Amino acid sequence: MSSTVGSLTGAQLAGRLIHTFGSRKVSSFAAVVMPMGLIGMGFSRSPVQLLLTLFLMGAGYSSLDISLNTQAVAIEKLLKRRWMSSFHAMWSMGALATTVFGGILTHHTTPKFNLVFVGLLSMVLYVPAVSFLLSGELDEHNGGEEETMAKIPFISKSVLPLWALGIGLFGALVAEGAASDWGAVLLHDHMGIDKGLNASAYASFALAMIASRFLGDRILEKLGPAMTVKLGGYIGGSALGISIAIAVPLSSHSQVLSLIIVDIGFAIAGFGMGPVFPAYILAASAEPGVASSVAIARVGFIGFTAFFVGPALTGGLAQLTSLPVAMGLPALMFIFSGYQSHVMKVAKVPHN
């Protein structure tokens, strides 16, 4: 919870800071803060210290997230082609590599060494890379724009489009979080799949999401962000819900067939999910009258609450009913995210 609160705080502050100082400077700061949070977790000796370092890590992560998405928007404008989804694909590759590498380290080292090593490694990689980012002048966030573009109310009629986008992103992230948090539990506890193999559902989801993100720029070019989100949400959410509805009762008769069906459903959902986050970021950055960093930060702030609220909603519903029934909620939220695509107004990237 502390890291989530930190993430929300960082997202709320990052947009204004980027507008004032530029995304490269904020990235430079966040690229030190986030690893320091990880290293601090390794040295924590009390619950208070752990909470503080988790908060620091979360704040640094979300600040870096908003900064780099702002950079991606500027790069697309400069190069006059889509790049956003490819950048998110590299994030997914990094997350996968960290999961695999961190998992290997846990068998040979202590948690403290793991956290400190990953923190130091990330700092070594981040800090030199930041020097290659666009300057404040090139990313259009050097504080020279009208001050009104950096100041927006938390909620009012003027920011309702950003709230509509944020709520759509929230729906998608509830589904993504459910695949990660509950997929293995669903397969093991309700389908009788052995431990190890029960991770196949989320693995299918994650690998398909990486693939679609690498293909996402071409998809976004061809279909546009709104149609990409619409199809991804409608098809992905439906596949997730239908596959669970079929596979769970079928597992008592044929575990192999039920496993194939649920993995296919999770894979379709993952493929649909891949370009959704990039599309919402592009839609936020296109909102008129608001600095793109501020718009991205607001939509990100709303969307990130899914990582705080989503597991509790799905888990609470599972307590009242069952996990297979509760998984209908993230499936419906993904479909809702597809519906929210109607609020997107993103111009095509002009070509040379």
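The backbone N, Cα and C atoms fix where each Cβ goes, glycine too.
Quantities reported herein were computed from a predicted structural model and do not represent experimental measurements.
Residues annotated as transmembrane segment in TrEMBL: 26-44, 50-68, 89-107, 113-134, 159-179, 199-216, 228-250, 256-283, 295-314, 320-339.
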For the transmembrane segment (228-250), sequence-distant contacts whose Cβ falls under 8 Å of one of its Cβ atoms, 6 or more beyond its ends: 168, 171-172, 175, 179, 186, 190-191, 216, 219-220, 257-259, 261-262, 264-266, 268-276, 279-280, 324, 327-328, 330-342, 344
Of 26-44, 89-107, 159-179, 199-216, 295-314, whichever stretch has the most CB pairs under 8 A to the transmembrane segment (50-68): 26-44
What stretch of 89-107, 113-134, 199-216, 295-314, 320-339 shows the most Cβ pairs under 8 Å to the transmembrane segment (159-179)? 295-314
Contact ranking winner - 113-134, 295-314, 320-339 against the transmembrane segment (26-44), Cβ under 8 Å: 113-134
Closest-packing stretch to the transmembrane segment (199-216), where packing means Cβ pairs under 8 Å, from 89-107, 113-134, 295-314, 320-339: 89-107
When counting C-beta pairs under 8 angstroms to the transmembrane segment (320-339), the leading stretch of 89-107, 113-134, 295-314 is 295-314
For the transmembrane segment (89-107), give me same-chain residues lying six or more residues beyond its boundaries with a C-beta closer than 8 angstroms to one of its C-beta atoms, as numbers and ranges. 113-114, 117-118, 206, 209-210, 213-214, 216, 274
Within the same chain, where does the transmembrane segment (295-314) have neighbours whose Cβ lies under 8 angstroms from its own Cβ atoms, ignoring anything closer than 6 residues to its ends? I mean 6 or more beyond. 1, 4-5, 7-8, 11-16, 18, 62, 65-66, 69-70, 73, 152, 159, 162-163, 165-167, 169-174, 176-178, 181-182, 277, 280-281, 283-285, 287, 326-327, 329-330
